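Engineer: First the structure, which I've put down as structure tokens, then a few questions once you've had a look.
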Amino acid sequence: MKQYLDLMRHVRDTGTKKEDRTGTGTVSVFGYQMRFDLSEGFPLVTTKKCHLKSIIHELLWFLKGETNTQYLTDNGVRIWNEWATEEGDLGPVYGAQWRSWPTPDGGSLDQFALLVEQIKNKPDSRRHIISAWNPALLPDEGVSPQDNVRNGKMALPPCHTLFQFYVADNKLSCQLYQRSADIFLGVPFNIASYALLTMMVAQVTGLELGDFVHTFGDAHLYLNHLEQVETQLAREPLPLPTMKINPEVKDIFSFKFEDFELVDYQAHPHISAPISI
């Protein structure tokens, strides 16, 4: 995936050194965009092996509207554990905003169910948007993630903030706006997750595949990832794999892990790097 390596190289070569919330420090740029034609293959990074199981289970967890880590840990996915309470709670994070956005009358709005119906019935609408950015529920930076959850707020603010679908020539495209992007550890997950989500929505709405467009706000490399970045940039991308989805599934909320099969995934060895909390 040349697009991903180009992003990494661009930030390494032109970015500005900045302090950050974690105290690690970053090299950062503001504003960058990548585009992937989903008809050309599934955009899973090949210059290091990625853990697809975690990507799929996390996406299904979002779509379930869940905000407790139980489903994830039951399926061997621990990527959210550092921020959860002892009970596994994360507060009103992505799943809650996608499926249960709070309304002024004390009720909730299922953004995703409405989105799918709107794409089916009004494909040319410019309102195919889902937002996870709810200012009233953002965490207090001076409080631990766990205490924020106890206060009824998110453990972490959403990094992948807002996404929009677009229909043209019977093809479905998706654009993600990501306000904050950990390029080495997080972005490969984000690309694959939203590419897969686009494929799922296309299937249940009867559309063909268009593009996944990934737009960044603060795109950064952590300073303690720079050695790993050099290792990855020295590797040649391999051919993209193919993602097969069970064609029988017609309801966006009915997908299961077993409905996905990655075919012909060739990748260079995994590269370990510390996560900044």
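A Cβ is built for glycine as well, from the same backbone N, Cα and C atoms used for every other residue.
Sharing the record's features from Swiss-Prot:
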type: ACT_SITE; residues: CYS159; note: active site, nucleophile
type: BINDING; residues: ARG21, ARG126, ARG127, ARG179, SER180, ALA181, ASP182, ASN190, HIS220, LEU221, TYR222; note: dUMP binding site
type: BINDING; residues: HIS51, ASP182, SER276; note: (6R)-5,10-methylene-5,6,7,8-tetrahydrofolate binding site
Engineer: May I ask for the distance between SER276 ((6R)-5,10-methylene-5,6,7,8-tetrahydrofolate binding site) and TYR222 (dUMP binding site), taken between their Cα atoms and rounded to an integer number of Å?
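Structural biologist: Given the Cα positions, SER276 ((6R)-5,10-methylene-5,6,7,8-tetrahydrofolate binding site) is 8 Å from TYR222 (dUMP binding site).
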Engineer: Taking the binding-site residues one at a time (HIS51, ARG127, HIS220), which has its Cβ surrounded by the most other Cβ atoms within 10 Å?
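Structural biologist: In terms of Cβ crowding, the pick is HIS220.
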Engineer: Enumerate same-chain residues with a sequence separation of six or more from CYS159 (active site, nucleophile) and a Cβ-Cβ distance below 8 A; give 'none' if the list is empty.
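Structural biologist: Result: GLN178, ARG179, SER180, ALA181, ASP182, GLY186, ASN190.
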Engineer: List the Cα distance (Å, whole number) between HIS51 ((6R)-5,10-methylene-5,6,7,8-tetrahydrofolate binding site) and HIS220 (dUMP binding site).
Structural biologist: 21
Engineer: For ARG21 (dUMP binding site), which residues of its chain lie six or more apart in sequence with Cβ-Cβ distance below 8 Å?
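Structural biologist: The list for ARG21 (dUMP binding site) reads GLU141, given in order along the sequence.
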